[in-house]
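Input: a single structure, listed below in structure tokens.
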Amino acid sequence: LTPLLAVVIGIYMTIFKHFGFGPVWPTVLDGFVNSCTGSWYFTLLYVHNIFPGEMCVEHAWYSSADFQLILVSPILLLSLNRWPKMTLIMIGILAVCSTITGFLTSWLLEITISSLDIEKNRNLNRYFYYATWLRCSPWLIGLIVGYVIFEVKRKQFEFTINKIIASALCAASLAVMYVCVFEGYDVIIGKSDKVTDAFRIALVRPSWVIAVSWIIFACAVGYGGPINKFLSLPVFQILSKLTYSMYLIHFPIMVVVIGKMATPSVFTTSQMFYGFWSDFMVILMVSTVLSLAFELPVVAIEKYFSSRSPRKIKKI
């Protein structure tokens, strides 16, 4: 993953300034180009979410958090192999502790998920949004679900459940996902309090991952139905290979589009629809080029070396 990230950092520090012009473009450059001058190495070392001052490629904080969790994973995986039941309980306790810590952080600092207060938004990013220890609960829940699916497949355990119950659980999962995405944003018009905000911030991501986990588990054990057929379409194999490059490049492309605006934009549903799909197609094309040029070649090299059998050492 690092070569493509390094390319994006290089674009930020060299040719990004030539992509736009206009009255707000200098402000855009100040926030993106100058931030990389003294902190680009934090991003390449995957620790820039720990030092959220001047962040180069700010939206790549998730790569840092993910990398830090991957460094911890061998401890949990080895423990699962040796003491599975005790380790599963410990992982569950860690997920609960992370969720409680998120609640306390939001409540004590009065952090909201969406606010017009600039200082509160800064606190959201600095103390919650980038923090790996507050982001780990979905990852830990996913680790439990992955282990359960692995054990079911390994032992060829026949999981049986009433189809009506399975359908109801899938419907409930979709409903929870809807609530996580579209509900709970009354803070913009001042209708929420800090306790409500704290509960939402603490529970929205664990709730989301639990809902997604059931859908994954149902598909894995044969109860996915039409959802499994849809998610198994071959087109997703192509798109899945572009998700990382799209993740890295989508933000700078949208910033260029916004930064070149010389007049205010009129907010309408049709305008947003057109803006989304135009941005999406540009991002898809640019991501395809970057993925083919920098990501997939590295993947091919890794596969080549990992597939080679170790050389036999002749005894003398």
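Backbone N, Cα and C define each Cβ position, glycine as well.
All annotation found in TrEMBL is predicted automatically rather than curated by experts.
Record features, source TrEMBL:
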{"type": "DOMAIN", "residues": "5-294", "note": "domain 'Acyltransferase 3'"}
{"type": "TRANSMEM", "residues": "87-108", "note": "transmembrane segment"}
{"type": "TRANSMEM", "residues": "128-152", "note": "transmembrane segment"}
{"type": "TRANSMEM", "residues": "164-185", "note": "transmembrane segment"}
{"type": "TRANSMEM", "residues": "205-223", "note": "transmembrane segment"}
{"type": "TRANSMEM", "residues": "244-262", "note": "transmembrane segment"}
{"type": "TRANSMEM", "residues": "282-305", "note": "transmembrane segment"}
Note to self: Are the transmembrane segment (205-223) and the transmembrane segment (128-152) close enough to be called in contact, which here means at least 3 C-beta pairs under 8 A that are separated by 6 or more residues?
What the structure shows: yes
Item checked: Interface-richest range of 128-152, 164-185, 244-262 toward the transmembrane segment (282-305), CB pairs under 8 Å -> 244-262
Checklist line | Mean of the pLDDT scores, which run from 0 to 100, over the domain 'Acyltransferase 3' (5-294) | finding: 86
Next item on the list: Would you kindly list the residues that approach the transmembrane segment (244-262) from elsewhere in its chain, counting only those six or more residues past its ends and only Cβ-Cβ distances under 8 Å?
Entry: 1, 4-5, 8, 11-12, 16, 19-25, 27-28, 32, 57-60, 62, 279, 282-284, 286-288, 290-291, 295
Next item on the list: Determine which residues of the chain contact the transmembrane segment (164-185) at the Cβ level, with the cut-off under 8 Å and only residues 6 or more beyond its ends counted.
Entry: 113-114, 192, 200, 204-205, 207-208, 210-212, 214-215, 218, 223-225, 227
